[in-house]
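Comments concern the structure below.
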Amino acid sequence: MQPPPDEARRDMAGDTQWSRPECQAWTGTLLLGTCLLYCARSSMPICTVSMSQDFGWNKKEAGIVLSSFFWGYCLTQVVGGHLGDRIGGEKVILLSASAWGSITAVTPLLAHLSSAHLAFMTFSRILMGLLQGVYFPALTSLLSQKVRESERAFTYSIVGAGSQFGTLLTGAVGSLLLEWYGWQSIFYFSGGLTLLWVWYVYRYLLSEKDLILALGVLAQSRPVSRHNRVPWRRLFRKPAVWAAVVSQLSAACSFFILLSWLPTFFEETFPDAKGWIFNVVPWLVAIPASLFSGFLSDHLINQGYRAITVRKLMQGMGLGLSSVFALCLGHTSSFCESVVFASASIGLQTFNHSGISVNIQDLAPSCAGFLFGVANTAGALAGVVGVCLGGYLMETTGSWTCLFNLVAIISNLGLCTFLVFGQAQRVDLSSTHEDL
């Protein structure tokens, strides 16, 4: 006999926290999953110059392809968070990873289906964005339910370091594959590894019964009980929630601009430099920076510092100080200095994992996936505009300084908003959850 839908949903929601061995196993697995997510995501930026030469794209057209990822990415954030809150984030992550891994692996085939290269690549990037958009909201939902509050920042920073691992792996291995076998091999590499990871999670960490129950709850499309509805009116009446949204928007947009355009910046500004240096070093620095930020954040809280004080300190590093080094990138002609500034900016941005990303879980742990989805939707929309605007500014002015000025403006807007209005008290508690 199958359990009642409400009971199945409670089972899948994961009301119990992970034991220490379970937490260690899932943390390592999710670290690898985040790594592969960014392997797939950063494959296109690594290949942009070579693909532009093959297909005759200019910077505006390359900007369209790069930014089209965010057109899809912004549409599934809230859905991913809601599904994670409802059926369990691990199921959402597994199902989406199987799809984006397949799309990545067949991208070279799509590029050669017809002469409409730009249209097919834009379509594949939109689809990739749709599939990857559910990942971080579902991850936030999963960790808010399964990880102790005192360990949340460090766990999130470990898993979040996968973004740097993935970009580092693509930068290091991808640069060699690009030189030896051509740009197509990078997509085969990242897509194939993702599908292997999906098989591992399905084989060793999730049972077939778990996925069947999850799909069954979705297929029944039963209305969520009033007790489990998202108190969205209550949430968005709070200035702290809006501060979190604006800060996450700024952090995501700044990161997406640098992720999309830094490879092109180095290849055009320093054409004789070795690609593996500028594609590897910034992300190599970012990994220990991410882990250190999580350790420092949890240590300060355990020492008695207020949570909001620690979160604001992390954001000051992640948005404020990182933007200073981004500005420096536009005012140097030295390759070594550029690598140092890029490494410092990217490394300091990882402090956002222990700032705003965890602050969202502070504010609303019962619906953290939904709220993170809303905030990351705003960030993805800003990413679309930011990446396209960056390409337009460089095409019209011929200067990279405009791009880095844009990053600094966006970062400091988010920082100022969070410093003034940010809080860490729960805002999702109410005897009656309001709904439309």
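From the backbone N, Cα and C atoms, a Cβ is placed for every residue, glycine too.
Annotated features, as they stand in Swiss-Prot:
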- 64-84: transmembrane segment (TRANSMEM)
- 92-112: transmembrane segment (TRANSMEM)
- 118-138: transmembrane segment (TRANSMEM)
- 158-178: transmembrane segment (TRANSMEM)
- 181-201: transmembrane segment (TRANSMEM)
- 239-259: transmembrane segment (TRANSMEM)
- 276-296: transmembrane segment (TRANSMEM)
- 316-336: transmembrane segment (TRANSMEM)
- 369-389: transmembrane segment (TRANSMEM)
- 402-422: transmembrane segment (TRANSMEM)
### Message
Checking distant contacts: for the transmembrane segment (158-178), what same-chain residues at least six beyond its ends satisfy Cβ-Cβ under 8 A?
### Response
27, 30-43, 46-47, 50, 139, 143, 185-186, 189-190, 259, 263, 275-276, 279-280, 283-284, 286-287, 290-291, 294, 346, 350, 353, 357
### Non-local residues, at least 6 beyond the ends, that sit with Cβ under 8 Å of the transmembrane segment (276-296)
46, 153-158, 160-161, 164-165, 167-168, 170-172, 174-176, 262-263, 266, 270, 314, 317-318, 338-339, 342-351, 353-354
### Query
When only pairs 6 or more apart in sequence are counted, do the transmembrane segment (316-336) and the transmembrane segment (402-422) reach 3 or more Cβ pairs under 8 Å?
yes
### Task
Would you mind listing the long-range same-chain contacts of the transmembrane segment (181-201), meaning Cβ under 8 Å and 6+ residues beyond its ends?
29, 32-33, 36-37, 39-40, 43, 46-47, 50-51, 54, 90, 94, 97-98, 100-108, 111, 170, 173-174
### Query
How about the transmembrane segment (64-84) and the transmembrane segment (402-422): at least 3 CB pairs under 8 Å, pairs 6 or more apart in sequence, or not?
no
### For the transmembrane segment (369-389), sequence-distant contacts whose Cβ falls under 8 Å of one of its Cβ atoms, 6 or more beyond its ends
63-64, 66-67, 70-71, 73-75, 77-85, 89, 129, 133, 136-138, 140-142, 144, 230, 232, 235, 241, 244-246, 248-254, 256-257, 260-261, 356-357, 360, 363, 406, 410
